[in-house]
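First the structure, in the form of structure tokens, and then the observations on it.
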Amino acid sequence: MSQKILFIDRDGTLIEEPKSDFQIDTLEKLRFEKDAIPTLLKLKKFGFKFVMVSNQDGLGTPSFPKENFEIAHEKMLDILKSCGIEFQDIFICPHFENENCVCRKPKTAMLEEYIKHELYDKEQSFVIGDRESDMILASNLGVRGLKYGELSWKEIENEILSSFRSASYQRTTKETDIKVKVCLNGGKVSIKTGIDFFDHMLEQIAVHGGIGLEISCKGDLEIDEHHSVEDVALALGACIKKTLGDKIGIARYGFALPMDECLASCAMDFCNRPHLVYKAKFKKSHLGALSTEMIEHFFYSLSYAMGVSLHLKVKGKNDHHKAEGLFKAFAKALKMAVKIESENLASSKGVI
């Protein structure tokens, strides 16, 4: 099973590297880099596993006795363990660069089992290190590299937590072919469903929800818009759900009450018990090429695909504004509900 793994360099990244001899061979030389421990603790709560990958030039030679190395190394591991941080694997290459061994970073021989058995999720794993060789290792593993020194540990934390809140989803049937990409932290907005008014409504979700949203839909519009609207809702809901993963840290609940000349409200709970309460009446049968009855069906399909309990209500005179109000209210509630506000799961059950 693929895991979210951080492949972490040791010297100069996790602990300070002495510029005099580049060896941590005494306890006096052992110092942790600023914010390394609190960052790893936080990332651990979001399901990341840790693997250490380090080059130790000449380890075991007279200039760098193994017993001297192990005194500081074991102390480092003891301190980390006492804080709640453990490495599931530690890989150390003891060779000099001129020995041209098969294991030295950025070569991947030490990580052969991880590659062979696909033990890491390429989209959600990272290499963290302070040297260019670490960045090349990241490329060789097919993951993103984060260079310590150019980034602080807190900036690395932010980069990691923001990057995994995105996902892509494709739904293909005999009636529609839909591709969706969602980035909860913002990004490109491009929506093409073939139904102009529907595109305008979906754009409200992106703009007012502060999310990146790309949707392309090729559907059987020669029949009517039903299949396209329904399947876009199912694909979008599944994609949003995918971005949240195990939902650790999210607020879970959202509520919005935007007002124009109409009053729209939305309450949302990522409870994994899909339900829709919908109260809206329209005078027109269509807004552009979108049937107004399909607005309710869109939110019904969306709520079930997302796994949310959703309450939507709108009152007003202008049908266009009422429809827009519903989508804006949904967007604002979504923005609130998916916000990371803690390091825990918002449930006494331990699962949502």
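Each Cβ is built from the backbone N, Cα and C atoms, and glycine gets one as well.
Marked as region 'Histidinol-phosphatase' by Swiss-Prot: 1-164.
A sphere of 10 angstroms centred on the C-beta of Asp9 (active site, nucleophile) encloses 24 other C-beta atoms. A coil conformation is recorded for Asp9 (active site, nucleophile) in the three-state DSSP classification, outside any helix or strand. Annotated active site, nucleophile per Swiss-Prot: Asp9, in sequence order, evidence recorded as sequence analysis.
The Mg(2+) binding site annotation in Swiss-Prot covers Asp9, Asp11, Asp130.
The Cβ of Asp11 (Mg(2+) binding site) lies under 8 Å from the Cβ of Glu17, Phe22, Ile24, Ser54, Gln56, each on the same chain and at least six residues away in sequence. Per Swiss-Prot, the feature active site, proton donor maps to Asp11.
Residues annotated as Zn(2+) binding site in Swiss-Prot, with sequence analysis given as evidence: Cys93, His95, Cys101, Cys103. DSSP assigns His95 (Zn(2+) binding site) to coil in the three-state reduction, outside any helix or strand. Here His95 (Zn(2+) binding site) comes close to Asn55, Asp57, Gly58, Cys101, Cys103, Arg104: these same-chain residues lie at least six apart in sequence, with C-beta atoms under 8 angstroms from its C-beta.
Annotation comment: Swiss-Prot describes 165-352 as region 'Imidazoleglycerol-phosphate dehydratase', evidence class sequence analysis. Here the region 'Imidazoleglycerol-phosphate dehydratase' (165-352) returns a mean pLDDT of 94 for the predicted model.
Rounded to a whole number, the distance between the Cα atoms of Cys93 (Zn(2+) binding site) and Asp130 (Mg(2+) binding site) is 17 Å. Each of the binding-site residues Cys93, Cys101, Cys103 was scored by how many other Cβ atoms lie within 10 Å of its Cβ, and the smallest score goes to Cys101.
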